[in-house]
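Engineer: Below: one structure in structure tokens.
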Amino acid sequence: MNYKELLEFNDYAMDLTIRMAHHSTAIENNPLSLAETISILTTEYIPRVMPQRAFFKVKNYQNMLPFLLESLNKKQSIDSFFVKELHSILMNFLLPNKGAFKTTDNMILGASFKTSPHFQVPMAMKEWCDNLNYKMNSLQDKEEKLKAILEQHILFERIHPFSDGNGRVGRMLVFYSTLEQNLVPFVITKEQKEPYIKALDTHNVESL
């Protein structure tokens with residue numbers, strides 16, 4: 001089955017957009033319900049008074065799948081420019097420096113590891129992209145490819161290259177990588193938040 005071609009069907013694409021928008025933001029404590037997410041993305045109707053940031057965190061996903069489809073059709077490999085483009089789309093109206101790597105150090109509250117210093121990020125991200133692409137080109141087994149994608153996801157979150165939005169970008173990179181390699185695309189749900197966060201913290205690929 002070609003999963004990229006499935007995205008060209010509007011119903012399937014919208015279903016994925018809704019699930020990604022709702023669950024990926026809910027993992028980061030966005031308060032909007034699934035029904036509210038559906039309303040914003042399908043009818044552009046705002047069902048109640050809500051924080052502006054909560055609205056745009058969901059609304060920005062509307063532009064994501066068209067960008068991913070265009071990138072897949074161009075056979076766009078993942079590089080630092082592509083990662084920044086994802087960030088720019090997801091953080092539109094949310095961050096003044098959208099699409100730019102962090103310029104000060106950051107941390108993940110409660111994490112047992114330190115994120116990369118800001119001055120190391122450009123080189124760290126180049127190495128991260130190179131390693132991901134090398135693994136995708138050299139591995140043949142689908143399970144091994146998926147394991148490598150998840151391993152790279154953990155490493156991405158440890159670099160934490162942006163001042164905000166790292167989790168959403170990281171999960172979108174997993175999604176794009178699965179489509180690029182014709183693996184089954186999946187959405188990490190808010191119900192999986194606790195084991196997901198623990199797996200990231202303990203560098204446990206098998207638990208993802």
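Here the Cβ of each residue, glycine as well, is placed from N, Cα and C on the backbone.
Remember, TrEMBL labels are computer predictions, not curated facts.
Quick paste from TrEMBL:
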| type | residues | note |
| --- | --- | --- |
| ACT_SITE | H160 | active site |
| BINDING | D164, G165, N166, G167, R168, V169, G170, R171, N204 | ATP binding site |
| DOMAIN | 78-208 | domain 'Fido' |
| SITE | E28 | site 'Important for autoinhibition of adenylyltransferase activity' |
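Set these features in their place in the structure for me.
Structural biologist: When secondary structure is read from DSSP and collapsed to three states, H160 (active site) falls in the coil class.
Every protein chain shown contributes to the tally, and the Cβ of N204 (ATP binding site) ends up with 13 other Cβ atoms within 10 Å.
For E28 (site 'Important for autoinhibition of adenylyltransferase activity'), the same-chain residues lying six or more positions away in sequence with a CB closer than 8 A to its CB are K57, G167, R168. DSSP classifies E28 (site 'Important for autoinhibition of adenylyltransferase activity') as coil under the three-state reduction.
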Engineer: In sequence order, which same-chain residues at least six apart have a C-beta under 8 angstroms from N166 (ATP binding site)?
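Structural biologist: Those within reach of N166 (ATP binding site), by Cβ under 8 Å and sequence separation of 6 or more, are F156, E157, H160.
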Engineer: How does the domain 'Fido' (78-208) divide up by DSSP, counting helix, then strand, then coil residues?
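Structural biologist: Within the domain 'Fido' (78-208) the tally stands at 81 helix, 0 strand, 50 coil.
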